[in-house]
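As recorded in TrEMBL:
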REPEAT    88-129  repeat 'WD'
REPEAT    130-172  repeat 'WD'
REPEAT    173-214  repeat 'WD'
REPEAT    215-256  repeat 'WD'
REPEAT    257-298  repeat 'WD'
REPEAT    299-340  repeat 'WD'
REPEAT    341-382  repeat 'WD'
REPEAT    383-415  repeat 'WD'
């Protein structure tokens, strides 16, 4: 094995090693999820050297430089105040979803008008209209971190794979017997997973366009799915009150996670693949051990359905959004509720952390999105201007741009 170069990853903090083995170029990552500006760099570099044979003594100083750069980035205070930049009359019918590419230079919108559109974030210019679906385009995603492909899942029961640069359709994945409502690329961008109201999830080969597997076991709609960051496991959440963990290589179900008393609204892995969070209409979020499948905590406090859940990038915090108009932030290790975010005048359907993890963004039926301080729970900013419910919101990679998508058929860019 020969180390070729280092790549720095700011969010979450880590160092990517690009190396050569057997004539092939490969990568592996050193995750530094517990890094803080106060971490002793010499001690950390020593620990990295002991656990990673590719880091020789001659490379130690280089690694220290990278760690210092990560700490410097962490030490920057996040006082950015967002200003409204552009409103895009994105579609003739309501939007369903929005998603950034990895860099945040482009984003996509799905709509009831049966199209997906690709936009330039800086100019607000429409780059491509992806046409071909015969019904609502509901689930959309870039193949991040690459960003050269887009997948669209539709109520026409198909998923299409597109070239992000040209807008050309590579493949149409046919096989589901009902609407596709969720999808995801694996981290390697070799597979697309789709979840459908036919109670199944399917895996598709990105290169050939062939179906790789049908994952059966749920009894009704598969509403949410997520690959872990390694790409060896997939988690699915269903209307049947259960969550399932699947082994991607063998296509087998490893665990069925039973305990919720209502439909599953969202499922997520944390970054280090050790935990799964599931939100449910039973007003709770549950935390599961991803290896054993055991429930390690039930996070309570909401008085209505939990509509969305997410981890911060370090995996140390969990945010929940509810139909009761509030959001909560929990400590993933102690399961304690740290803050409750109150102020919205309607249900919160979407929640996400900034890449830095210091702020949370919420989207609500009260026609506003709000930005919150994770530590204090204070509302830092109200993003106003939409004339109907906001159902989707997202940060770009640097955390300095936001997009919001609304039932008023527009999306707004905030800098």
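Backbone N, Cα and C atoms are what each Cβ position is placed from, and that goes for glycine too.
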**Message:** Can you tell me which parts of the same chain pack against the repeat 'WD' (299-340), counting only residues 6+ beyond its ends and a CB-CB cutoff under 8 A?
**Reply:** 11-12, 33-34, 262, 265-272, 274-275, 277-287, 346-353, 355, 357, 360, 362, 364, 366, 372, 374-377
**Asked** What is the three-state DSSP composition of the repeat 'WD' (173-214), stated as helix, strand and coil residue counts?
**Response** 0 helix, 22 strand, 20 coil
**Request:** Over the repeat 'WD' (88-129), work out the mean pLDDT and round it to an integer.
**Result:** 96
